[in-house]
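Student: Per TrEMBL, the feature transmembrane segment maps to 12-37, 43-66, 375-397, 431-455, 475-498, 510-533.
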């Protein structure tokens, strides 16, 4: 016991020193600005900080590639599918078409004897359509439904403590005695809905799969995640490959689709190699039920800065698994399709909400770095502090008073994006990933200020994405973007003023013209390819059947 405690203390000290040293090293490299290569007049340079970031991308991609190889090799071994599994679907004001497709995909799951529990967040007449769709798709004679005035933590109108206790027991009994059930309950948020499913299931199943009501599951999705959990008893949770269902509906959803592929098949695949996936996504994840019930109450009652948390449910669920010392994995063999916002404002609000949960959970996650591979500490430092270095770089370049610095920044953003997207195209075997370089512009212009706004309002939970049946427009997300563009515009005006004081030399004119032409050609080429792709795939989508997940 004393030996284990001593080792634990050493690991805490070691990971802390490693993380602090890494951050100080990056900061020093950034401040010193040592250059390996630089041209006359500083038109181009490549320094220590840039080399570090380039090395990070190469190493991350390498481990992602190795993890994909492991997936193909290790999971070809047949495993007995004799463990019990329950699928928990969280629903809130869902688009009827999406919900119907979700439930139809659930019926096609190939895992034997899977139990289905759908909990609707709301019990008013306006929510009844979701229960009707459930009965229609799952079969009225093969499923049960129940409208609950309460939830596990709040009583409905006219309810007493005794009647609340009895109704809670009744809900639990209904869930345990039916293979397929839908429950409507008093509104309380997604975490309340998930808690109801977890609490009612108790320890009656071995594994619990989570799913959102806008998600279409691949028939083999449950089987593939069970294989990962069965292969290693120290894996506490596993997530699958989340793809975009409505990718061709707008430019936002299309760019989100290529970003999702990178996030799952590069970033999370790399994390999976070291057993420390930071977030098992809500549309497609599975947990050991025995672990789930060790922390379900703490997970539900999570507080931050004195307020109960109302978002980041899936990320905190993952972090709870990691806090127990269990590994979290990713498998690309388990797939699903899910809806993503097609409007810019709704996407921006979603990203701000996700950024809030990321930074909040970063602080929680830091307490458990010592229980996992050093890669978890390394990546947390890199991804956590990168936005701050990037903002400092952008402001510095825009306020140096040289127009070439601004143009060089724009060219560098697209060059880095092209390099990353080219590797992704090779790994995926699909040229569509080249459009990932366009996402870089969206990141720099919108997501970067949204991250800063998320930190500034991290304890505010009054807004986010709305239900999909009725889309509510929220303009508050434009505040950080407007401030950011004002700052950049100030830099452009300052640069024009400084450059107007002296005429351009002939060499400088040549460099600026060539750089501008390169940037313009890049955009013309990518936008032309985008129009061609959308016209081609948009027509094909109309006749597409969703019997399986199509990676296109």
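Just so you know, glycine gets a Cβ as well, placed from its N, Cα and C.
Explain the structural surroundings of these features, please.
Tutor: Within the chain carrying the transmembrane segment (431-455), a Cβ under 8 angstroms from the stretch's Cβ atoms is held by residues 254-255, 258-259, 261-262, 344, 348, 351-353, 355-356, 358-359, 387, 390-391, 394, 413-414, 416-418, 420-422, 424-425, 477, 479-481, 483-485, 526, 529-530, 533, 552, all 6 or more beyond its ends.
Beyond the ends of the transmembrane segment (510-533), by six or more residues, the same chain brings 43, 251, 254, 403-404, 407-408, 410-411, 414, 432, 434-435, 437-438, 504 to within a C-beta distance below 8 angstroms of the stretch.
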Student: If we skip the immediate neighbours and take only residues 6+ beyond the ends of the transmembrane segment (375-397), which ones have a Cβ under 8 Å from one of its Cβ atoms?
Tutor: 15, 18-19, 22-23, 26, 30, 49, 56, 63, 270-271, 273-274, 276, 278, 322, 359, 362, 365-366, 369, 405-406, 408-409, 444, 448, 451-452, 487-488, 491
